[in-house]
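Okay, so here's the structure we're looking at.
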Amino acid sequence: MSCVLMLSVSCILWGLGMNEVGWLIMVCAVALLVVMMDCPFNFYILKSEWLGVDEMSVLMVLLCLLVSMMSLVSSTKEVKNGFVVLMSGWSVVEMVMFICLGSVLFFSVCSWMDFFFFFEFSLVPTFFLILKWGYQPERLQAAVFMLLYTVGSSLPLLMSLVYFWSYIKSDNMLLSKMVGGWKDFNMNWPWLIMSLSFLVKLPVYGAHAWLPKAHVEAPLSGSMLLAGVLLKFGGYGLIRLMWFSEVTNSTIILFVLVFSLWGGVLSSGVCSCQSDLKSLIAYSSIGHMALSLSVLLSFYSVGKMACVCVLYSHGICSPILFSLAANSYEFCQSRSIMLSKGISRIFPVISGVWFFFCILNMGFPPSLNFFSEVYSVGGLLSLQWLLGLMGGLMCLMTGAYCLILYSLVNHGVVSSMVFKPGLNLSYRYLVSSVFGGVLLLGGTLCLDMFFV
């Protein structure tokens, strides 16, 4: 279904004159269709010595391709006459393709050393994307922040993986799980050390300082990829680590669960106090990832399925919100919520899209966001009623800051900062928004594809 929608959108773009972008989307859609037709399975399969896939990895590859395409379609500043303007020998589309390639391989490899390599590989094009195409002078600080946080937290993971490789004599995830090489260890503290890298990448509250900085300084395509794909590395890595290491529930894991859930409540509260559009959306990502992490650590099967659904639905919704924030920046020349009022008076269609995605972000039925949050809170309630209460409180606060975001940006007196004469917005934002909305609403017709 997703492939058919992608083909339809590519035909629309081709008919509107966007030849190169339309053909790019069409080629990717056909390639994805071939992959999905070749993968009708519900368990882990080794496709070769290097690749191993299951339903979750196929879903993450699908998400990666969708977000990459939407980021290229929405990038109006970097795209002129249908393709990308070259800057200093490199182009934004090349950086996006590098990130997409590394992400697809990360979601597909079966060796944990290759898994770690592609986990770090995505940082390089993201670093240059922020450094060369960022909007503010502080982009160097933001890029270095991101690099230090993620690389520094990955060193314990690298040392642990090398040690277990020398002990088990293989770095194949499926083989190490089948021979039971991990059962010789008490994985409580090793799991915490190895998962530190994924917790920072997710990120959990307390190790999140790099994310708002990176989002604020990154160009639109960088923000969309960071929110839609790169944050999912943390969730996918934790699921894979828990799968092949066969870790069980313990006091340490329950501590991480409570800490992440409380951090999600705090980040949702911080969202209500933000005046910067991109910072608000970045902190909302921290809250959603905290919900997915907490329900994953409940060790219920419904918790793992809800976590994967949260990752996918957030990966579609959050990039569109960043696209709408960039849309507001184009005619306000400011990311301040106080200066971008009254959009509904000037662009009622854009205001309608804002409303649609704000209610989707808060979990409006019958979207994938709604079902993922319901099952997440249900999984926490099954573990402990107090944890379910905290999860429900976080969902309530999500609805509060989404309503605040919509009302402040779209209602009120039009700011004098808005450039009124000759306002002409690109239709690209609407195309990517409609496409994302159809995915989130149409996904409810095939929930078994997302609850894996």
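Yeah, the Cβs are placed from backbone N, Cα and C, and that goes for glycine too.
What TrEMBL says about a protein is an automatic prediction, not a curated fact.
Note that the structure is predicted; figures quoted are calculated from it, not measured.
Listed in TrEMBL for this protein:
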DOMAIN    111-391  domain 'NADH:quinone oxidoreductase/Mrp antiporter transmembrane'
TRANSMEM  12-36  transmembrane segment
TRANSMEM  56-73  transmembrane segment
TRANSMEM  85-109  transmembrane segment
TRANSMEM  115-135  transmembrane segment
TRANSMEM  147-168  transmembrane segment
TRANSMEM  188-211  transmembrane segment
TRANSMEM  223-245  transmembrane segment
TRANSMEM  251-273  transmembrane segment
TRANSMEM  280-299  transmembrane segment
TRANSMEM  346-364  transmembrane segment
TRANSMEM  384-409  transmembrane segment
TRANSMEM  429-451  transmembrane segment
The transmembrane segment (280-299) touching the transmembrane segment (56-73) per 3+ Cβ pairs under 8 Å rule: no
Interface-richest range of 147-168, 251-273, 280-299 toward the transmembrane segment (115-135), CB pairs under 8 Å: 147-168
Other parts of the chain folded back onto the transmembrane segment (147-168), taken as Cβ under 8 Å at six or more residues beyond its ends: 112-113, 116, 119-120, 123, 127, 176, 179, 181-182, 184, 190, 193-194, 196-201, 203, 207, 209-210
Residue numbers, six or more beyond the limits of the transmembrane segment (280-299), whose CB comes under 8 Å of its CB atoms: 199, 202-205, 208, 211-212, 215-216, 227, 231, 234-235, 238-239, 242, 248-249, 253-254, 256-258, 260-261, 263-265, 267-268, 270-271, 274, 306-307, 310-311, 314, 318, 321-322, 325, 337, 361, 373, 375-376, 379-380, 382-383, 387, 391, 394-395, 397-398, 401-402, 405
Residues of the parent chain within Cβ reach of the transmembrane segment (384-409), under 8 Å, 6 or more residues beyond its termini: 257-258, 261-262, 264-265, 268-269, 271-272, 277, 280, 284, 287-288, 290-291, 294-295, 298, 328, 337-338, 340-341, 343, 354-355, 358-359, 361-363, 373, 376-378
